[in-house]
């Protein structure tokens, strides 16, 4: 089996990376940066997102697993004290995988400009580049739903619903659900302007279009990176046909993670 390790880069993560690379190689596994069957993230959720986007072109062939060297993460099941056990599990046990849905974002430019298709593991956050209010015609399944005015719109996956989406008051969704969630960021509501004011959860066969009603430059944050877009005609969001695969060597129920991160005094 081929493997690759993506490290946060701090001393602790680098030591774990070096140890895992040495021992897994001694067990007969091959360190392969180009075509890994398993990508091991050592760091936090940010490192995991970096690893995902680095190998997003290999989703059908590559599975991911994470070791957290900081605070508990939603994508990093293993701790530094478990590394030796994980090494043995990877070397000796054919791993099982669980698949979770992704968000597909397609940004189309006006007047024959290019089309940019991006996959997100967590979310896409859409704002104007100059900090002014965004004004979108929101379409769902090809029908006008509302005109949104506000600071921005967040579209998240179920596995990303505990991140930016939660901070905006969105619901936490179990990552096995094939859906996306649309959450408002500081919408403008008064006697003249009105939005739904609640998160919307769309199933996989529903598509959302955001069409700018005012010419603006947009900052679109996809997971851990941000891109600037001009002359945007529409932003299309839906559940992607691709899925991310997580390697599983032990059970770590999702609701336990939620409890430990947000509720438990020991989390």
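In case you wondered, yes, glycine gets a Cβ from its N, Cα and C as well.
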Q: According to Swiss-Prot, 45, 46, 122, 123, 149, 151 bind NAD(+); identify which of 91, 179, 186 is listed for that same site.
A: 186
Q: Look at the binding-site residues 123, 151 and tell me which residue has the greatest number of other C-beta atoms within 10 angstroms of its C-beta.
A: 123
**Q.** Local Cβ density at residue 149 (NAD(+) binding site) - other Cβ atoms counted within 10 Å
**A.** 21
Q) So, in DSSP terms, is residue 122 (NAD(+) binding site) helix, strand, or coil? A) coil
